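According to TrEMBL, the protein has these features:
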ACT_SITE  Lys8  active site
DOMAIN    67-143  domain 'GHMP kinase N-terminal'
BINDING   Pro95, Ile96, Gly97, Ala98, Gly99, Leu100, Gly101, Gly102, Gly103, Ser104, Ala105  ATP binding site
ACT_SITE  Asp137  active site
DOMAIN    209-262  domain 'GHMP kinase C-terminal'
Amino acid sequence: MLVFPNAKLNLGLYVTARRPDGYHDLETAFVPLPWTDALEVLPAPKGQAASSLTLSGRPVPGDPATNLCLKAYQLLQADYPALPAAQLHLHKLVPIGAGLGGGSADAAFALRAVNEVFSLGLTTMQLEGYARRLGADCAFFLHNTPMLAHGRGDEFSPLALEVRGTACLVVYPGLHISTAAAFAGIVPRPPAHPLREALGQPMAEWPGTVRNDFEDALAPRYPVLADIKARLYAAGATYASLSGSGSAVYGLFPDLGEAPALAWEPEFLVWRGTL
Ligand SMILES: C[C@@](CO)(OP(=O)(O)O)[C@H](O)COP(=O)(O)OP(=O)(O)OC[C@H]1O[C@@H](n2ccc(N)nc2=O)[C@H](O)[C@@H]1O
Ligand SMILES: Nc1ncnc2c1ncn2[C@@H]1O[C@H](COP(=O)(O)OP(=O)(O)O)[C@@H](O)[C@H]1O
């Protein structure tokens with residue numbers, strides 16, 4: 001089975017409190033971004049007892065044994081010991097450590113694909129339980145429609161937000177920012193404007209009311225992030241922001257013609273399309 005795990009964008013992100021479990025309470029909105037990896041899940045060939053993962057495309061840091069695709073398979077195997085061995089291949093395209101949720105998307109799509117290939121019959125709610133153990137934003141990708149998230153970012157409520165078809169430019173400046181390290185620079189506080197209400201207003205209002213707390217926290221160390229955002233606004237973006245804990249910055253435009261092919265630095269990766 002071949003699946004295409006897509007990325008996500010955060011529309012607004014507030015870190016509201018530090019939690020006793022070491023995590024933080026968040027308020028954010030997730031929307032799907034159709035920048036995808038490709039993941040193949042097959043039963044392992046006869047005679048291959050252990051599951052395997054091969055990789056191509058963008059290098060994924062770390063031992064392949066710790067890749068979230070294999071971890072997803074192993075979580076299911078722990079509860080279903082008779083699960084046959086699987087052969088996985090991931091072609092990585094979404095930048096890593098970009099705040100685009102690529103690793104969590106791979107994990108969520110791996111859970112769903114293993115469930116289908118081996119006919120486990122798990123419901124989306126059951127898969128969500130496994131996803132939560134793989135990453136705070138992993139369960140979002142099982143729904144893959146606009147969601148307001150709170151708690152650790154893994155409790156969702158549907159968001160009536162019609163962004164599908166919106167022109168978008170995502171700029172990744174090649175910085176791998178660890179999510180855990182980005183949290184270290186944050187002083188938690190409640191949002192100045194409640195997010196659901198702010199997103200209910202026309203997009204032209206969002207620059208004044210929809211904020212990502214990581215922008216200020218990362219600004220002193222990574223001035224390039226504010227520079228990209230300013231360039232997106234100068235190019236006509238209606239709204240621009242850092243996604244998640246960075247380092248990808250996106251702009252939403254009235255139409256694709258106005259999402260111009262700007263002259264970005266050669267080491268930047270740029271995705272241009274519609275949500
Ligand atoms: C904070 C967000 C916002 O979108 O950042 P991005 O990853 O998108 O940049 C995500 O929810 C992240 O989700 P995910 O990347 O799955 O997080 P995890 O692997 O569970 O956590 C990585 C580390 O981030 C910190 N963390 C994460 C989520 C949270 N609510 N509070 C935290 O303090 C913890 O230090 C944790 O060890
Ligand atoms: N399939 C995978 N794709 C990307 N990263 C992965 C994967 N499996 C494990 N990781 C690890 O997860 C970390 C975060 O990855 P990613 O989800 O791309 O970042 P972000 O949380 O900023 O969106 C990386 O440091 C990487 O080593």
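Positions of Cβ are set from backbone N, Cα and C atoms, glycine also.
Given the structure is predicted, the values throughout are model-derived calculations rather than measurements.
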Task = Give the number of CB atoms, excluding that of Gly99 (ATP binding site) itself, located within 10 Å of its CB.
result = 27
Message = Quick check: which same-chain residues outside Pro95, Ile96, Gly97, Ala98, Gly99, Leu100, Gly101, Gly102, Gly103, Ser104, Ala105 lie with their CB within 8 A of the centre of the ATP site CB atoms?
response = Ala7, Val94, Gly244
Inquiry  = Let me make sure I understand the structure: which of the binding-site residues listed (Gly101, Gly103) has the fewest other Cβ atoms within 10 A of its Cβ?
reply    = Gly103
Query = At the level of the C-alpha atoms, what whole-angstrom distance separates Asp137 (active site) and Gly101 (ATP binding site)?
reply = 7
Query = About how far apart, in whole Å, are the alpha carbons (Cα) of Pro95 (ATP binding site) and Lys8 (active site)?
reply = 12
Task = Give me the non-local Cβ neighbours of Ala105 (ATP binding site): same chain, 6+ apart in sequence, Cβ-Cβ under 8 Å, ordered along the sequence.
result = Pro5, Asn6, Ala7, Lys8, Asp37, Val94, Cys138, Phe141
Query = Are any of the recorded positions Lys8, Pro95, Gly99, Gly101, Ala105, Asp137 near ligand 1, with a Cβ under 6 Å from it, and if so which?
reply = Gly99, Gly101, Asp137
Key: Helix, strand and coil residues within the domain 'GHMP kinase C-terminal' (209-262) as assigned by DSSP   = 21 helix, 10 strand, 23 coil
